[in-house]
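Summarising the annotation, TrEMBL assigns region 'Disordered' to B:297-317. Annotation source TrEMBL lists transmembrane segment at B:20-40, B:60-86, B:98-117, B:123-140, B:152-173, B:212-232, B:239-259.
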């Protein structure tokens, strides 16, 4: 030791872990480490709280399209507006996560309309819900300014033709 | 003690003693974050009370443990009420172990409510470990630097493992999902298009700079475990300060803050040195103390320097 240690005060306590406790605790640490390693290599989001920490882990092509998804709705009065997170409680990322479900079965979009109506009981009801993806063209990592929009799924309430 | 010295050293790494004061500080920080979390950091979780159960997609853990109900309005609101109510006594050291367990369980359910609708957010791993380890630690006073505990040392070591895994395995996930070409891809461009701020949108004109930042990120994430094995305290705190600066930069660029991760990371720091009562008691005399310190600083080295120069001057003259 380079520095001389101060003599410990009399009322100082030093709590030691006994050998059996040490074995248990090291095992716990190793299990946590093993689970987080295993799920990183082979697991998916499904294994939350152990999961691959894949925030922004996908390679985006320098040449191609960068997409941005949103949901739009038309209400009984014919007004078109964006169904934002604040309006429904359902996030854009959650929509993107379940997008394949919605594309396969657009009637599921009715539940987004329900979420909106639960959140805003006083507002006019929704008749149409659409998932729209806006795509920005990239070339060599630059935005070219070229933008296209695609409607990926549409749901219209039965009997409604506002 | 029959074990080999090397084995002792290796097991000793898990049980480096920590002063109890740090436990009190971490309990306060964890509870404080929970109060910030629900209305500011992740207010959308409460929004799930309006989302129909048909959009709930149970996670693996909810499928094998049938204790997590499909969230509805009363389950979401009830979980939040229990969580907030239990976090207050935990923060202020009233039966902190009992309330710590309630907070850990309620927060876990809160996370199930959050992550079961098609998107799992990462960066709360270290914080969850912290919540489940705080109740294993004894009741503690702020500023207690005298009582050391290996139990606490083990707990915070595991929290630190969780924090560092978040970095290290984030790099690994990038290689797994994005491939080695991730570092040269347009991921940051995409991130800034989606959620750029006034501090970062100008970067879109300099894609090479964004690519460089991707190299830097993967480099620091892969090197982050070093902090677990650094003995020199100043170097360790310096590395942790770098991590905090990294999060500040990311927050300014794309408004992602990883706040719970930063709370968990605080257990690297010697928070046992903070004693709020002492700080408040001494607050009135603080200006005087600063003045005395400055005077002392100006006073003591001054004459010495004059002596030194005088001594140095003699032989040359």
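A Cβ is built for glycine as well, from the same backbone N, Cα and C atoms used for every other residue.
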Quiz item: Taking the transmembrane segment (B:123-140) as reference, which of B:20-40, B:98-117, B:152-173, B:212-232, B:239-259 has the most Cβ pairs under 8 angstroms?
Solution: B:152-173
Quiz prompt | Distal contacts, the transmembrane segment (B:152-173) - CB-CB under 8 A, six or more residues away | solution = 13-18, 20, 22-23, 26, 122-123, 125-126, 128-130, 133-134, 136-138, 217-218, 220-222, 224-225, 227-228, 243, 261, 264-265, 267-268
Self-check item: Distant-in-sequence neighbours of the transmembrane segment (B:98-117), which means Cβ under 8 A and at least six residues beyond its ends
Solution: 27, 30-31, 34, 38, 42, 45, 48, 51, 55-59, 61-62, 68, 71, 75-76, 79-80, 82-83, 86-87, 89-90, 124, 128, 131-132, 134-135
Self-check item: Intrachain residues whose Cβ lies under 8 Å of the transmembrane segment (B:60-86), provided they are six or more past its termini
Solution: 34-35, 38, 45-46, 48-51, 53, 99, 102-103, 106-107, 109-110, 112-113, 116
